[in-house]
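J.: Here it is, the structure in full.
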Amino acid sequence: MSLGYAEKLSYREDVGTVGMPEIFDTPELIQNKIEELADMVQKSKHLVVFTGAGISTSSGIPDFRGPKGVWTLHRAGKGVPNASLPFHRAVPSLTHMALVELERAGILKFIISQNVDSLHLRSGFPREKLSELHGNSFKEICPCCKTEYLRDFEIETIGLKDTPRRCSGKNCGARLKDTVLDWEDALPPEEMNSAMEHCRSADLVLCLGTSLQITPACNMPLMSIKNGGRVAIVNLQATPKDKKASLVIHGLVDKVITGVMTKLNLRIPPYVRTDLVRITLRHSLKKKCVRWTLRVTSIHGLRAPLPFIQSIEVSFPERPDMKSVELKEQPFSLQRETSMNRSFFMLLKLNFTDGCSCLSSSIGWPVDFQKQKDSFVRDKTLVIPELQCAAEHESCSGQQEILERESLPRAETAIHAIVTNVVRYDMGNDKISLPRDKGVNCSSSNSGKRNISGCYPAAPKKLKYFLKDEKLNC
């Protein structure tokens, strides 16, 4: 799948210097520099990290100015390169997860990112400690109340344009806008101001995987120097700011950060991805029968895609008279007529797409049209971290938990959180993902409480996720 963001940008002749040769420090030199960088990080009081496309190349997302970068190939007339995975299924790199651990350890105070791939947020890095200067391909914003909506699909437009959706805030309803800048768009003031403030306060700004060519963002790290701070750069190519940096390392970012984390005696946490799905069962009376409709959709609405689900197998284990079916087209929907007086158990097997570390997960749904179930809303800030901790300790994905259920006389809606990917990062071999061909499946219909130690609590975030009209900080 091509990098849609680059294809949507307006044409621009001057995109800076591209195709510069990559430079690799010798193994002995890079080891000495890693030790120096680790010492700088350990002694810092206000560390700020400035990231570019180079930290996402190991996630399968092309950079822009490297030998095979987007603008390099574009200038050569070769078009936009392909990503190794669909944009929405890209997994945070080892460096992304290392930054999460540095923040949890109290060392890293702020990240300034030029990337639009959403991998910092996907990694679990706190939104309030992140400035996304160029926007986020998976985020919409309400221009009136400033509420942000993080989606599990790529937003259709760029250039701060209107999207098809509206704000769900009470007394608002304004048309949402995408957040990704086009060439002529100015940096968003909120993101720029917080970035500049932290650069001025920083005693160390660590630049990772960036050519430092795009203004005005590229000048921000130098603000720390004016106040007595230092700048360190890790990049495979020379940058215009190298001469002003206290340390320049030419090496793979993941390798350098692995060395730094080892020196600091810090682990790199696994990446656990959780996706949300809405299941709705509506019914109406028809003489002695019940006509019912099952829908499995995104929490973002009926028209929003479920990019992690390939198909859904619906079966009725206790009712051989009811035919099983596989739903292959979105929005997933099934209509049936059954007896009013006979209850049944419905099993939904969600078959996942490529990019998930397990093949499927199953959700059980008991149905009795003569009894109305209880409605409830669980604390997502507790349930989701607990679910992710379980996946980490069990070393598999596919676990799911119900977050919310609403029961009405003619309808029942439930929202489930499902672990769709677990990636572990080896300090010597980058990332190790669970293989799909083993068919790992830790699905359950109702998992109960787990007592798990050693897991991190959920960090508070400014970014909001939405279930119905409720604001989630998850």
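Note that the numbers count up from 1, one per residue, in the order the chain is shown.
From the backbone N, Cα and C atoms, a Cβ is placed for every residue, glycine too.
Below are the features listed in TrEMBL for this protein:
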| type | residues | note |
| --- | --- | --- |
| ACT_SITE | His134 | active site, proton acceptor |
| BINDING | Cys142, Cys145, Cys167, Cys172 | Zn(2+) binding site |
| DOMAIN | 27-267 | domain 'Deacetylase sirtuin-type' |
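Any idea what these are sitting next to in the structure?
T.: Its Cβ placed at the centre, His134 (active site, proton acceptor) has 21 other Cβ atoms within 10 Å.
For Cys167 (Zn(2+) binding site), the same-chain residues 6+ apart in sequence whose C-beta sits under 8 angstroms from its C-beta are Cys142, Cys144, Cys145, Thr147, Gly173, Ala174, Arg175, Leu176.
Per-residue pLDDT, averaged across the domain 'Deacetylase sirtuin-type' (27-267), gives 90.
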J.: Write out, in the order they occur in the sequence, the residues of the chain not among Cys142, Cys145, Cys167, Cys172 that have a C-beta within 8 Å of the mean position of the C-beta atoms of the recorded Zn(2+) site.
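T.: Apart from the listed residues, the neighbours are Pro143, Cys144, Lys146, Thr147, Ser168, Gly169, Gly173, Ala174, Leu176.
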J.: Reported as an integer number of Å, what is the Cα distance between His134 (active site, proton acceptor) and Cys172 (Zn(2+) binding site)?
T.: 26
J.: Comparing the binding-site residues Cys142, Cys145, Cys172, which residue's C-beta has the most other C-beta atoms within 10 angstroms in this structure?
T.: Cys142
